[in-house]
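Trainee: This is the structure, below, for whatever I ask next.
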Amino acid sequence: MPTVFPHDSVGLVTPQTAHFSEPLALACGRSLPAYDLIYETYGQLNAARSNAVLICHALSGHHHAAGFHSADDRKPGWWDSCIGPGKPIDTNTFFVVSLNNLGGCNGSTGPSSIDPDTGKPLGANFPVVTVEDWVNSQARLADLLGIDTWAAVIGGSLGGMQALQWTISYPDRVRHCLAIASAPKLSAQNIAFNEVARQAILTDPEFHGGSFQERGVIPKRGLMLARMVGHITYLSDDSMGEKFGRGLKSEKLNYDFHSVEFQVESYLRYQGEEFSGRFDANTYLLMTKALDYFDPAANFNDDLAKTFANATAKFCVMSFTTDWRFSPARSRELVDALMAARKDVCYLEIDAPQGHDAFLIPIPRYLQAFGNYMNRISL
């Protein structure tokens, strides 16, 4: 990693931690007596405090969305292609806030946090949290930072669900909502994929009912399988065919059940191995449940248009043609509801072969459209 950062990078960033001592009531009926949220900021908050943008992360995301933590970092933050000087979320214009949600495993209070009463990791004792809970905690962070209204709340996938929830829970605090590769709720198929992933973790002998940290182990096999299943759904058939096809790792087949023979097998095992070394199993369970439970229209007799009746934000919805996890049809469903509710909404369906993960990839047309929308936001 060079010590001189690219001209369009936010450069070195230092995470900050906000502590909240006021209890947070949760949708599950429990509450968190106190909690921490770790976050990063990029750019400068203007005098009018009108240029703040909130970034909401997806399932395995975190607060480190842009820049570098040290000169030795091999890779920048997970959305560095979109955040920085001259990029779609231009830090010469906007003050950007990115946090790790409650239940995460990157510094915010979650299952791997130590219970002050027992001195042990909270593990499975950490309560189930929802998208609505996250938005409520994010609103407290906004209060702490002195931000009354977000110029924009932006997210992809699960992050897009949070952006949508902001316009429902705090309609007067969001001026623009950008929901990318997202959906108004999960389909039965999506819930099914999440359940397969959860069962892989829950049935791993090293899971120990969620208390694996106390035993100094991790449910590695379960996490690997969960990630492998999930990763397949993030890619399109075309992109997998182009990248791997039926390519072999070696020149011939071994005719057994244990060898890694196809290149796609090797790739999935690598992804699972890498993920199991950096992500908490209890957090994975929580994140998938938050996805499953997101269904804001359920509180409005399943009328999605009524769900957004009080929203004052302008909406930008983007989807990708080969995304079959959150297909363009789901985005169009959202757009139709917003139009029925007479909201200001624009929609872009981007032709991209990469599948669901396309929202993380610097596709020129995507970045251009993203930037064009952000440039129209008045401060």
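Glycine is treated like the rest: Cβ placed from N, Cα and C.
Sharing the features that Swiss-Prot gives for it:
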- 51-360: domain 'AB hydrolase-1' (DOMAIN)
- S157: active site, nucleophile (ACT_SITE)
- R227, D357: substrate binding site (BINDING)
- D323: active site (ACT_SITE)
- R325: site 'Important for acyl-CoA specificity' (SITE)
- H356: active site (ACT_SITE)
Trainee: What average pLDDT is reported by the model for the domain 'AB hydrolase-1' (51-360)?
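Mentor: Across the residues of the domain 'AB hydrolase-1' (51-360) the model's pLDDT averages 97 on the 0 to 100 scale.
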Trainee: Between S157 (active site, nucleophile) and H356 (active site), how many Å separate their Cα atoms?
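Mentor: Distance (Cα to Cα, whole Å): 8 Å.
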Trainee: Which one is it: of the recorded positions R227, H356, D357, whose Cα lies the shortest distance from the Cα of D323 (active site)?
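Mentor: For D323 (active site), the closest Cα among R227, H356, D357 is found at H356.
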Trainee: Can you give me the Cα-Cα distance between R325 (site 'Important for acyl-CoA specificity') and D357 (substrate binding site) in Å, rounded to a whole number?
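Mentor: Pair distance, Cα basis, whole Å: 10 Å.
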Trainee: I'd like to know which of the recorded positions D323, D357 has the most other Cβ atoms within 10 Å of its Cβ.
Mentor: D323
Trainee: Going by DSSP, give the three-state secondary structure for D323 (active site).
Mentor: coil
Trainee: Does H356 (active site) have same-chain partners at least 6 apart in sequence with Cβ under 8 Å from its own Cβ, and which are they?
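Mentor: Those within reach of H356 (active site), by Cβ under 8 Å and sequence separation of 6 or more, are S157, A181, T233, Y234, L235, F320, D323, W324, R325, F326.
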